[in-house]
Every structure is written in C-alpha cells, then in structure tokens.
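According to TrEMBL, the protein carries these features:
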DOMAIN    47-299  domain 'G-protein coupled receptors family 1 profile'
TRANSMEM  31-55  transmembrane segment
TRANSMEM  67-91  transmembrane segment
TRANSMEM  103-127  transmembrane segment
TRANSMEM  148-170  transmembrane segment
TRANSMEM  190-214  transmembrane segment
TRANSMEM  246-268  transmembrane segment
TRANSMEM  280-301  transmembrane segment
Amino acid sequence: MDTCRIPANASKCSGTTMQCFMVLSTQAQKISIGILCGLFGTMCVFENSLVLYLIFSSPGTRKKPSYLFIGSLALADILASIIFVCSFVNFHVFNEAGFSKEVFLLQLGGVNTSFSASLSSLLLTALDRYISISRPSEYKLLMTRRRAWTALAALWVTCATIACLPLLGWNCCVLDSTCSELFPFVDDNYLSGWICFVVVLLGCIVCAYAHVLWRARQHVAYMEKHQAQAGKQNTRMRMDVMLAKTLVMVLAVLMLCWSPVLVLMIYSIFGRLSDHLRKVFAFCSTLCLLNSMVNPIIYALRSKELFSSLRRVFSHFRRQLKAAEESPEAESTHKSSVIETICKDTCTMS
C-alpha cells in the first residue's frame, strides 16, 4: 500500500510535504543510490572532460562541426552529472528538504536543461551525418562552423527556456492544477509536454539515423564494388560509415537507458504510481548517468581521430613521467662528478 498520499494541491505546495517524494525507505537503498550516483557521476565528469580536452586541444577536430556537436554533448553530460548527482543525492539520500520551491525548481530546471541539451546535441549530430552522407559534395558549404555554432546556441537557449517554464510559473502551485506524483511542484500538463518534446527528439534522431544507415550500407556496397579505386572519396566514405555506426551505438545505449524512465513518466500521468514503482523510478533515473558515462567510451573506441589524440596525450604523459624519473638520477650523477673533480683537484694541489 502507498504510505504517503497528499489529498490537496495546496498541501503539495508546502515544503514539509516534500518528504512524501523521498521514496527510499531503507539505509541499504540510500547507500546503493549514493554509490551508483557517485561512481557514474565521477566517471562521467572525468570521461566527458577528457573528450572536451581531446576535441579542443586538436586543431583538426575543433574546426569540424561534427566534433563541435559531440563537444556540446560532452558538455551537457558534464553539467547533467554534476547537477543531477548533487540534487538527487541531497534529496533522496540525505533527505534535505529545507529549501524553497524556487530552489527545487531551479535545480530541476538545470537537470532538464542538461539532459535535453544532451538529446538535442545527438539530434544535431544525426542531422550532420545525414547531410554528410546524403549530400557529400555540398557538405562543407551547408555545414559551416558559423552555422554549427548558431545551431548550438539556439539549441541551448531552447532547452533552457523549456526547462525553466516551471520556475517561471508553469507549476501546480501557481496554476492550482494537478501535481506530478514523481516531481514536487511540477504540473502534470508540463510533464506531458516535456515528455512529448523528448519523444519528438528521439523520433527525429531515429529517422535521421535510419536514413544514415541506409546510405552507409550503400556506401559499403559501393566500396566493395570499387576496391581498386582508392582515393579521397572512398576515405571520406569510410569515415562517414564509421562515425555513423558509432553514433548508432550511442543511440542504442540512449534508448536502453531512457526507455524505463520515460515509460514510468508516461504511466504516472495516466495512472497512480505505487511506492514500489516510485522507488524503481529513482533507481532507473541513475541509468541516465550511465548513458552519459558510456558515450565517451564509445567515442574513444570508435573515433580514430579522438583515439589518436588520446594516444598522443598518453605518450606525452609517459614522456613527462620518464623525464621526471630520470631527472633525480641525472642530478645525482652530476653531483657525483663534481665531487670527484673537486677531490682530484685537491689531491693534485697537495
């Protein structure tokens, strides 16, 4: 049976009733969530920070729109990890409810902005691959760095605006409407709209990649048929096919990680959630962090340019370590030679 139900919308807007959304009842559940968030969040920040460094430290990658979109994805995942882990652990593990409605909606807006920007960055990357494969001769004219930066700016502004609507007044406290069973102060209609927004993004990504895969298969058949004709065009096709397959892997992981959360969100709109399902939702939410953690691993394994940059970074790091280890020995050898010279000079004088 449900242990915490709030009968009136007015009471849902009280800060004390936020405890009803703290669904983790045992210490074992809190420890599990804390470990998952700490592990996934730390790895996600480290890996995506490394991806950003590899992209913007190399002149070859930071000038390409494709990697600008991947950089936007990495930045969104970093922000999502930091904001989500801090707010989620603070709320569900430490049961901190002493903040105002505005502070909570601001934290929720930050999480929604980051995750929405992550999905939108994947959509831009899919469209970039779609243009690159469907119109390769016009790609450089159509997808310039200026247009890429403009698209990214529009992306982040749109995601931030949609995510901040509850803070700006679209919440069940101001509208005196039905509140969500999953998020305090969030209006059910807004949650429905946000779910539709995410579903549309996912649908567009799937459609774009369906076409990319179809064209990639044609390119593979073309290359097998004309293996003797090696040149820049075939090299470009191989790169497009490799990157297309990489991003399809990212999309598959994305769907697997986000599907449970979206299904439970949709169910909460049309039905009543038990405490058990709300606990399941809390654990499934950590899958979003897992998705953000897996993305950079796929880039490092599948992208030759990023993998080459990573190897250069490791090689430079090893050389520095080797130089640091050799410098004390060299200094000791130098001191020994100086002492031997002084001793010889002393003996000669005497």
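Residue numbering: from 1, along the chain as shown.
Glycine too: its Cβ is placed from the backbone N, Cα and C atoms.
Note on the domain 'G-protein coupled receptors family 1 profile' (47-299): mean pLDDT across this stretch is 85. Segment contact holds for the transmembrane segment (148-170) and the transmembrane segment (67-91), given three or more CB pairs below 8 angstroms at sequence separation of 6 or more. Sequence-distant contacts of the transmembrane segment (31-55), counting only residues of its own chain at least 6 positions beyond either end whose CB sits under 8 Å from a CB of the stretch, comprise 24, 61-62, 67-68, 70-71, 74-75, 77-78, 81-82, 84-85, 88-89, 92-93, 282-283, 286, 289-290, 292-293, 295-297, 299-300, 306, 309-310, 313. Between the transmembrane segment (280-301) and the listed ranges 67-91, 103-127, 190-214, 246-268, the one holding the most Cβ pairs under 8 Å is 246-268. Sequence-distant contacts of the transmembrane segment (190-214), counting only residues of its own chain at least 6 positions beyond either end whose CB sits under 8 Å from a CB of the stretch, comprise 112, 116, 119-120, 122-123, 126-127, 129-130, 133-134, 162, 165-166, 170-171, 180, 182-183, 244, 247-248, 251, 254-255, 258, 262, 265-266, 268-269. Counting only same-chain residues 6+ beyond the ends of the transmembrane segment (103-127), those with a CB under 8 A from a CB of the stretch are 18, 66, 69-70, 72-73, 75-77, 79-80, 83-84, 87, 151-152, 155-156, 158-160, 162-164, 166-167, 171, 183-186, 194, 197-198, 201-202, 204-205, 208-209, 212, 247, 250-251, 254, 288, 292. Within its own chain, the transmembrane segment (246-268) has Cβ neighbours under 8 Å at 119, 122, 125-126, 129, 180-182, 191, 195, 198-199, 202, 205-206, 209, 212-213, 277, 280-281, 284-285, 287-288, 290-291, 294-295, 298-299, 302-303, counting only residues six or more beyond its boundaries.
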